Every structure is written in structure tokens, then in C-alpha cells.
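Asks: Pasting in a structure now, in C-alpha cells, and then I'll have a few things to ask.
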């Protein structure tokens with residue numbers, strides 16, 4: 001794939017931008033951040049209005065830990081294409097890293113309106129409500145999430161933990177048992193169930 005895309009580097013700017021965008025993404029997936037950054041720069045230079053190129057550039061900066069600058073690229077990508085879900089998702093993650101929780105929640109709620117039942121988005125919303133100290137909202141979003149991925153043992157154990165923290169032992173027991181059924185090697189779940197049976 002890399003060799004094929006490199007053949008398009010010498011073409012006109014739109015083709016060059018598309019090829020460089022894809023090369024940047026492939027290098028990013030291979031964790032070759034220097035190459036990913038080089039091709040992201042080339043893609044942005046070739047076409048400053050390419051939202052995928054701007055998102056890739058933001059990703060390479062995010063990987064270096066410069067979250068403020070990464071957010072600028074994601075916002076620019078959204079300015080060029082408001083339906084660029086990758087930029088919106090990554091902007092939400094960036095705001096989480098910057099501890100700008102309300103803005104992160106706003107990004108993920110917008111994504112939820114666009115994508116509907118995306119498991120990743122539902123998980124992020126539930127996690128943000130948990131960070132905000134609102135376990136009831138976190139539980140509501142996790143319940144939506146298990147309607148999409150009913151066999152995810154980590155989501156089920158998270159529900160068990162939240163119900164346990166709220167003092168609802170019967171619901172906690174139910175979700176911990178479900179989690180154990182799908183993944184019987186989770187020590188935290190086994191410990192909780194053991195303590196529950198001792199009680």
C-alpha cells in the first residue's frame with residue numbers, strides 16, 4: 001500500500017494531498033510518527049482544506065503530547081468539513097486530556113447525534129459522566145452501550161461497579177455475574193463475587 005501511494009506523490013496537488021493523507025495515516029498506524037508527521041505536513045501543504053489531512057496532522061501532534069496545538073488542527077478540520085467525525089472524536093479526546101470536560105462532553109454528544117449507536121462514543125459519554133461525578137448518567141449511557149455490545153465483559157463489570165458504589169447490590173451482582181460469564185478470568189470481578197457470597 002505504501003509503495004502504491006508513493007507513486008502518486010508526483011501528481012497534481014489534489015492527488016498528492018490524498019496520497020500523502022493516506023501515507024500519513026498508514027505510518028501513524030505503524031507508529032512511525034516522524035514519517036506520519038512528514039506526510040501529514042505534505043498533505044496539508046498540498047491542500048489546506050483537506051479535513052483528513054488536518055486530522056492526521058492533529059493526530060501526530062497529539063501523539064507528541066501537545067494537546068492545545070492538536071485541538072487547533074481538529075477545529076480547523078471541522079471548520080472545513082463539519083461532518084468530519086474523526087476530527088470531532090479526536091477533539092473530544094483532546095479536551096479530555098486537557099481536563100476541559102464540558103467541552104469534551106459537548107463533542108461526544110454531537111457525535112452521538114451524528115453516529116447514533118457508536119459503541120466508542122457511548123463509552124466516552126459514560127466515562128465523562130463518571131469523571132464528572134454523575135454515576136446515574138454514567139449508568140444510563142452504559143445501559144445504552146450494552147444494548148449495542150451486550151457481551152462486553154468490561155462494560156458489564158463497570159456497570160456492576162457503579163451499581164455497587166450506589167449501594168444497589170442486586171444490580172451489581174447481576175452485572176458482575178454477566179461479566180464473569182463472558183470473561184471468567186477478571187480477578188477484580190472474581191474478588192467482588194467471592195466477597196458477595198461470603199456476605
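The backbone N, Cα and C atoms fix where each Cβ goes, and this holds for glycine too.
The following feature annotations were taken from TrEMBL:
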type   : residues : note
REPEAT : 51-84    : repeat 'TPR'
REPEAT : 85-118   : repeat 'TPR'
REPEAT : 119-152  : repeat 'TPR'
REPEAT : 153-186  : repeat 'TPR'
Asks: Looking only at the repeat 'TPR' (51-84), report the model's average pLDDT.
Replies: 94
Asks: For the repeat 'TPR' (119-152), could you work out the same-chain residues 6 or more beyond its ends whose Cβ comes under 8 Å from its Cβ atoms?
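Replies: Contacts with the repeat 'TPR' (119-152): 89, 92-93, 96, 101, 104-105, 108-109, 111-112, 158-159, 162-163, 165-166, 182.
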